[in-house]
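Trainee: A single structure is presented below for examination.
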């Protein structure tokens with residue numbers, strides 16, 4: 001336990017140092033700009049690490065949930081634990097996120113802590129991290145495009161479309177399959193299963209919001225297309 005506390009503290013310190021360094025280098029940028037750079041870096045890093053864990057290092061999360069954590073799984077979990085504690089603290093301090101996102105961060109922290117303390121279920125926790133973070137770089141790209149005035153372009157449309165497709169297919173589709181395997185397996189603890197249900201429930205809430213956004217954006221683009229056609233008549 002002491003070792004996990006020390007390693008978790010080191011991870012948190014590392015993310016704080018990265019953020020502080022970015023704020024120093026990018027003095028002309030806002031604090032949120034630099035925080036989102038940290039978020040982007042974490043998303044890319046953890047997707048790569050958890051992809052290696054799930055697809056190469058193993059075991060396969062759909063057939064071996066609840067198994068003992070490996071050293072690489074523990075490293076990935078500690079990296080994300082430090083990041084989520086940093087990011088949630090930042091969001092609470094600057095009041096940039098609503099209750100749903102804060103609930104997501106809280107559940108992520110508790111889920112990672114649970115897997116680390118139990119010493120098991122690291123493989124499915126890493127799978128959840130992979131699924132939840134694979135859309136994160138696109139979310140940050142969307143924000144950066146807005147800030148530089150490039151969101152209302154073909155690039156912005158492509159980012160939105162890819163984000164929606166990935167979210168629906170990976171977090172809802174594959175995530176639903178992962179939750180089914182978790183619930184039907186005898187190995188994972190009850191606490192881990194309840195946590196999986198809670199995380200998936202939040203993903204469904206996000207999916208509803210994303211679907212509403214997609215409908216509004218599609219309707220808006222359709223109206224502009226009709227207006228352009230009328231202007232050409």
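Backbone N, Cα and C atoms are what each Cβ position is placed from, and that goes for glycine too.
Quick caveat, the model's predicted, so the values are computed rather than measured.
Below are the features I grabbed from TrEMBL:
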DOMAIN    28-214  domain 'TLC'
TRANSMEM  6-25  transmembrane segment
TRANSMEM  37-56  transmembrane segment
TRANSMEM  76-94  transmembrane segment
TRANSMEM  106-130  transmembrane segment
TRANSMEM  197-215  transmembrane segment
Trainee: Hey, which bits of the same chain come close to the transmembrane segment (106-130), Cβ under 8 Å, at least six residues off its ends?
Mentor: 1, 4, 8, 46-47, 50-51, 53-54, 58-59, 61, 64-70, 73-74, 76-78, 80-81, 84-85, 88, 175, 178, 181-182, 187-189, 191-192, 195-196, 198-199, 202
Trainee: Along the domain 'TLC' (28-214), what average pLDDT does this model show?
Mentor: 93
